[in-house]
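The next block holds one structure in the form of structure tokens; read it before the comments.
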Amino acid sequence: MWGYLSLMPVFLAVWAISGVWIVFAIAVTNRTVDLSKGFPYISICGSFPPQSCIFSQVLNMGAALAAWICIVRYHQLRDWGVRRWPNQLILWTGLLCALGTSVVGNFQEKNQRPTHLAGAFLAFILGNVYFWLQLLLWRLKRLPQPGAAWIGPLRLGLCSVCTILIVAMIVLHACSLRSVSAACEWVVAMLLFALFGLLAVDFSALESCTLCVQPWPSLSPPPASPISLPVQL
């Protein structure tokens, strides 16, 4: 039985993948990118209006969803007995990935290139590290794996391809092979969105989540007076 929490990763994957390709289609249609000169980076497609507005909205909402998914995943791993420090390391890696995604969307390359590249580093590199850490934890701790037996190997394959393509993207860009490097960037983005989408399988084991407010002890209300209840023996 799949609960509503399992829909969040699926929605994130569908939203982000369709959103960036819509931005690409608009950029090609209004000729802000010219395919005859080479295949563009995602950031180039989202640098010019009107698609830059859509690009920002897509990545901002995607970042918010990714952050919430990382928080839910943190609590799931905690309930599975994962210790605090590795769990928090995974959580903060995911949150920084979400932050980088928002930075990429709001600081376009043509306006704030250094800030944009810093956001891209957080989104791509730490996004990949986020899933590698979970794979390592799953391997060492023998954590539960909801879903089919091939989910784990599939994640391993996607993370491996993602790592190879990130390295290739950087090397090809340094060698001025921009079109091939851009193609690698697109594939990496799709793989990361797919990896987030696969968390739907893990969340299928969750029925719901509850937000609890924990006040400081000094601000807690005084305990209620004890009440004696008659007991008949």
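From the backbone N, Cα and C atoms, a Cβ is placed for every residue, glycine too.
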(request) Consult Swiss-Prot and decide if L35 and N111 are found on one and the same side of the membrane. (result) yes
(request) Give, as a single whole number between 0 and 100, the mean pLDDT over the topological domain 'Extracellular' (106-116). (result) 87
(message) Is it true that the transmembrane segment (52-72) and the transmembrane segment (186-206) have 3 or more CB pairs under 8 Å, sequence gap of 6 or more?
(response) yes
(message) Short question: most Cβ pairs under 8 Å with the transmembrane segment (117-137), which of 8-28, 85-105, 156-176, 186-206?
(response) 85-105
